[in-house]
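Peer 1: I have a structure here, written as structure tokens, and I will follow up with some questions on it.
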Amino acid sequence: MKRSCAALILALSATTATPLMAVAQTEPTVRSSAPDTKDCPNRIRPLKAVTTSEQVASGSSSPTPLPTVDNEFGSCDVVKAKGFEVPDTNASAWMVFNLDNGEVIATKDPHGRYRPASLIKVMLAMVALDELKLKDTYTATSEDASMEGSAVGLIAGESYTNEQLIYGLLLSSGNDAAHALAQELGGDEATLKKVNDLAQEWGMKDTYIADYSGLDQAGMSTSARDLSVAYYNAWQNKTFAKMISTNYVEFPAGAGTTFEVWNDNGLLLNYENALGGKTGYTDDAHHTFVGAKEEDGTRIAAVLLDATTDAGRAWEQADALIDAGFLATGEVGTLVAEDEDDADDEDQDGDDAAEQQAAEPTSKSYGKAPVFAGAGVVLLFILGAITWRLGRKEDA
């Protein structure tokens, strides 16, 4: 169900915003295969950072690692259901699961602790959806606009709806949007407490969120299992599911103009049956990714941590894992707690359905996505919304 290539992406006249400069990422050493995790090398904490991102101030100490947890899957190596053929992937850890019932189809190093990069933005998105009204507005500050890392392009003094900020957070991985939302939620420290409290509520015992944007900080950790729990829960929220399956939205560019903010998820832009997801990258986390597809009424998702592009882009590796999941039968575990209702289909949105339409996104515009799919490469020429990558920044 792959999409055909569009002609040329967006005309220069289609946008009114000035594009941000893109800077090349630093790729890790060539990795021909997935690291051996049989002996659980990441059981306590992520492997040592290769950059200075996690250095602590003089006189301070790094946070104590979280207590280790029992591995219900019985191994830090690959555990898979019948019929699951492990595809070519070099991710250190991954999990494939059913989005409808939480059944785990296959996994590798499920409780190994890794850096999440921007995948952790799901927690901020869910807190914001719970506490903020989508149509309420926020005026961006110069501090918001100057945030380190990937950005959607907030302009100091410009007014944005909370819905637009959450779209900027999820589609463009905007750290500027993340900072703006955090200020509305009570400030940086209050927001960190809220996202960590939500992680505890969801039973994410390998997860400590040291930065709500996903930038590497001392103590930051998560696992393939925990992020699978997070996205399984998030996808049950109708507003979240709609947002991450949106191709693009019109975003304020100042002076009454707008520009198109496109979803940076290659899986969504290449497959009609894709349901969206999230990208992530830092120099220490390497590539991280979550994505999902639907076939014959079944929705399957995959989470990857610590991948490199030597085995293909992260979304391509996830795609292969998801396709393998559709061919498998049975399960090897579950993300759903025994005392949790299996059919909690209530809309968790803070606003009613009529209030969710403020940004009027273009969703699932098949055949119009700005994608060239050739030799495993997706080239997105998205004018006015290109995010920059410096050192510890997220990947698009």
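Even glycines carry a Cβ here, placed using N, Cα and C.
Copying in the features that TrEMBL gives for the protein in this structure:
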- 50-63: compositional bias 'Polar residues' (COMPBIAS)
- 84-308: domain 'Peptidase S11 D-alanyl-D-alanine carboxypeptidase A N-terminal' (DOMAIN)
- K121: active site, proton acceptor (ACT_SITE)
- S173: active site (ACT_SITE)
- 341-354: compositional bias 'Acidic residues' (COMPBIAS)
- 371-391: transmembrane segment (TRANSMEM)
Peer 1: Looking at Cβ-Cβ distances, which residues of the chain lie under 8 angstroms from K121 (active site, proton acceptor) while being 6 or more apart from it?
Peer 2: L169, L170, S173, A178, Y212, S213, G214, K278
Peer 1: Could you put numbers on the helix, strand and coil content of the compositional bias 'Polar residues' (50-63), residue by residue per DSSP?
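Peer 2: With helix first, then strand, then coil, the compositional bias 'Polar residues' (50-63) has 0 helix, 0 strand, 14 coil.
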